[in-house]
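Listed in TrEMBL:
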type: ACT_SITE; residues: B:Ser153; note: active site, charge relay system
type: ACT_SITE; residues: B:Asp233; note: active site, charge relay system
type: ACT_SITE; residues: B:His270; note: active site, charge relay system
There are 2 protein chains.
Amino acid sequence: MSFTQKSSNKNFGGELRKYSFKSKTLGDLETNINVFLPSEAVSGGKKVPVLYYLAGLTCTEDNGAQKGGFQQEAAKQGIALVFPDTSPRGAKIEGEDDSYDFGSGAGFYINATKAPWNKNYNMYDFITKELPEVLKSNNLPLDLTKASISGHSMGGHGALTLYLKNPSLYKSASAFAPICHPTKCPWGEKAFSNYLQGGVGEGKANDATELLLQAGGPDKRKLNILIDSGLADNFYNDKQLLPEDFAKAAMDQGYTDEHITIRLQDGYDHSYYFISTYAPEHVTYHAKFLKA
Amino acid sequence: MSFTQKSSNKNFGGELRKYSFKSKTLGDLETNINVFLPSEAVSGGKKVPVLYYLAGLTCTEDNGAQKGGFQQEAAKQGIALVFPDTSPRGAKIEGEDDSYDFGSGAGFYINATKAPWNKNYNMYDFITKELPEVLKSNNLPLDLTKASISGHSMGGHGALTLYLKNPSLYKSASAFAPICHPTKCPWGEKAFSNYLQGGVGEGKANDATELLLQAGGPDKRKLNILIDSGLADNFYNDKQLLPEDFAKAAMDQGYTDEHITIRLQDGYDHSYYFISTYAPEHVTYHAKFLKA
């Protein structure tokens, strides 16, 4: 499927480009992505590694690009950033736009198995399969064999689960205030019971904590995960995020700080002011694996 | 007038706080400001220097705070940032919300002299007088004797004119894609002819290029001005910005790069992707004078 370039803005010596294309996986709906290319990719045509950033509930491809503060360090490291949207748009399913935490803006990075959602709400396949194929077939100067993934909140859940489920696709994962145990929190319960035929039970296959409990420890699989989560985050206090469950699973599986670093940050909340504070460190973290 | 604190977000070790207060200068209307305090001001109670950032047409106090990318370097330098709104809001004047470049979101940082605008549209007095007084009377940990000013587009015009008109208020000025010669461009002509009784002629007193022509050269007044403007900026190509006129006035007055640096940046446009690219350098520039 070929891209339409909707805009391009020079940014930190590179370019922030917005593309749109009709997505097969999302039921032939148009979707937008933002791609940041560092200067060596724009002018030198050099193929650079890729960091995907999955945004959270209510967000689009723009939030991370405009407010995340990732580009300065990505430009320095010579890494591209890919910012997809958070759900299909305009599927015209009844109730799609009724709540902020389900439907539009809330695809949860899973494949829906329940009608009518299963026709369009396939963000898992979109991010892991169609998006890299489309980036490749449009000849962007990206080395897609070197990819890592990050995300915020619902997108943090996405980054962790996609990474845990696809050992060969991503070198590392990081997350800002991720939903760590969706089968045990209201957001996840709502999403899984409405998107999935098998409800919350079926959701376990898309739950970072449950997946980590099956990872088998560092002898079976090395993991590179960095998580930052704020202690003044309302959603943390409301038990939507549950990083403690993910930390416990890590310990149970024998993973140490060398593999999984979870930092609870004093005073920080759920906003992009939090994300932008730690975004440069996350880019640096991924660069270590992407450029290894 | 005392503040109401509407929110606070931890950001780069400091805090981004939103305050609102009823402004006398703006005809007793409520106005919002964002204030970034670096950590030493938040926890140490140390009084830190201040950099004001004036946003452009259609913007509010949020654009610079959320997308500008100033905080990381401000935190590093130990400088506070103050982001005011771009106009009074809700003055209920007929036509106030009809166009993007006049009325709401387009106060032009002048005092209107023409009815009905002169009751509320007094952003010049607001920024130069009431705002510092309110910051002082609310005991924010700011050293208001050390202040500099920056801005974008209409706010760049504001930063340059307020600096040129108030030698004792600001140590330095900088601007991103500023409207440099408003009496000679459509935006400025529209604003001055509608806000000012004396029309565009009266506007000369609020025109950076005209003010610079009266500065008298470096022997009379030393200037510290940094301007970045993009060559792929539609508004530059449409002759709304006219940095070349400001550059010529600087040369006519005997100012060199030591006093006024104007950088035309290849490929950059008018967006916050441009601003965020150079924001750290602008903060560093001001820090030199604020911490001297």
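Quick reminder: no glycine exception, Cβ is built from N, Cα and C everywhere.
Taking every protein chain shown into account, B:Ser153, B:Asp233, B:His270 are the active-site residues, and of these the Cβ with the most other Cβ atoms within 10 Å belongs to B:Ser153.
Taking the C-alpha positions, the distance from B:Asp233 (active site, charge relay system) to B:His270 (active site, charge relay system) comes to 5 Å.
The CA atom of B:His270 (active site, charge relay system) is located 8 Å away from the CA atom of B:Ser153 (active site, charge relay system).
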